[in-house]
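Chemist: Feature table excerpt (TrEMBL):
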- 16-38: transmembrane segment (TRANSMEM)
- 101-118: transmembrane segment (TRANSMEM)
- 124-141: transmembrane segment (TRANSMEM)
- 162-184: transmembrane segment (TRANSMEM)
- 190-214: transmembrane segment (TRANSMEM)
- 266-287: transmembrane segment (TRANSMEM)
- 299-317: transmembrane segment (TRANSMEM)
- 329-352: transmembrane segment (TRANSMEM)
Amino acid sequence: MRLGRLQAWMLDLPTAVVYGSLALFISVLHNVFLLYYVDTFVSVYKINKTAFWVGETVFLLWNSLNDPLFGWLSDRQFLSSQPRSGAGLSSRAVVLARVRALGWHGPLLAVSFLAFWVPWAPAGLQFLLCLCLYDGFLTLVDLHHHALLADLALSAHDRTHLNFYCSLFSAAGSLSVFASYAFWNKEDFSSFRIFCVALATGSGLGFVGATRLLRQRVEAARREPESLALAADGSLCGEELLAGCKEAASITLGQYLQQLARHRNFLWFVGMDLVQVFHCHFNSNFFPLFLEHLLSDHISLSTGSFLLGISYVAPHLNNLYFLPLCQRWGVYAVVRGLFLLKLGLSLLMLLAGPDRPGLLCFFIARYAPPSLTPTPLCHPFILAPSLFAGSNRVFTEGTCKLLTLVVTDLVDEDLVLNHRKQAASALLFGMVALVTKPGQTFAPLLGTWLLCFYTGHDLFQQPPLVPVGSAQPWPEPLAPPPAQAPTLRQGCFYLLVLVPITCALLQLFTWSQFTLHGSRLHMVKAQRQSLSRAQTLEVKMV
């Protein structure tokens, strides 16, 4: 009886809640992965330095290429698979395909997560295989999850509604960071392994349950004269996108890239997003250096664990505030306002100088999110950014999370401009990642070069900063003599303020060239809906 009521309650859940819950099952694993995988291989498995760098280099290449690769493999059938007769591919078929993929790849992501915490091969080989396997399944899950945002809803309001629940469930999933402290013990790893098994089991079962509910919703909608777009109440309604019965020519990868090269708003967007990714990872890589030389006398490490957990939860909660603003003013205006705010605060900090610890603390905390995708050159500072990226991470992280909504609008424009029979959502998300991920590598490279050029100080000639409770992985030469400290402090300050000023100016310029907002965005939405209705009529006539 109780089981029946529980099933009935689950079936009554709004579609937006079920979709958002998928973010919980990703977040509950990924935050623990980011926090502990380096320390596990360095301090527990005792990986050597060469194997560590080889693994990170291979991972960097794989991480850059797998997004467009998986996007193409996923969506090429939607671009070129057109039958010679009868009704073609519908948006319901596309959504069902993505939901089924999540139903398979989500549990496999949980299994690959478990592979980190049990030694089953030489440390160097296990490090390489685990990283590539985990990142591969994570990319597949992220691509299909983001693509569903564009496929389940058409209007900006409904997509914002979906994204709201993603942020809410992501914040809940980040609480696994707090729970992990009770089990993390490098000397006795068994309790932490049990904790990870529990997380992976819950996540895998959650993926199975959520995708089953979504599949039932879509299949039920097929039997009703309604559509698949998401209404404000979270139900499935709207229009059905049917690929007509006319045969369409196949689209090769080269032709698709030529179409993207002519997509003006896509080019301006990835230019802006490249700078955004660079800025996020610059803050992550150099945050501990800024703290050491600008705020070490004013901040204690004793609150590090608490701030670490808060730093994972706060960006998602903050997004709950930004999303209603997007519904009222539009994503374009909110993102532009965040760029202006970043520029204004950076100029204020530059005028105030390095001798204002209170203002410095506020400024650094606001602009210092931990890296979500570690790169080789950021590992000398691994995990330390998280210890102090305390209560906010507001503007940088907030902007990144809002840009997902912009990509869904680009998916609509791509469909309209190229007269596609179906939107290539996952492929477009993959192409955005391909162009913007180099910013992760440029950030530590350019930052270390600028600091060395200005101060003559080589960061790799001093020991890396080590977070609380972590062992120093590899010994390095001693730090420069104290006489160099004033010059280094000045260099850190100018790096801290001039980089966000430069990024803000570049982003304001590129964002001003982006025209997919206002009347043009409404026109694209209207044309996509009219194309959908025309395709539906075409199929009914057949």
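Residue numbering: from 1, along the chain as shown.
Including glycine, each Cβ sits where the backbone N, Cα and C put it.
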Chemist: Could you check if the transmembrane segment (162-184) is in contact with the transmembrane segment (266-287), meaning 3+ Cβ pairs under 8 Å among residue pairs at least 6 apart in sequence?
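Modeler: No, the stretches stay apart by this measure.
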Chemist: Against which stretches of its own chain does the transmembrane segment (124-141) lie, if we need a Cβ under 8 Å and a gap of at least six residues from its ends?
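Modeler: For the transmembrane segment (124-141), the nonlocal Cβ contacts are 26, 30, 33, 37, 41, 45, 47-48, 50-52, 54-56, 58-59, 62-63, 66-67, 70, 101-102, 105-106, 108-109, 112-113, 115-116.
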Chemist: Cβ pairs under 8 Å with the transmembrane segment (16-38): which stretch of 101-118, 190-214, 266-287 has the most?
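Modeler: The listed stretch sharing the most Cβ pairs with the transmembrane segment (16-38) is 190-214.
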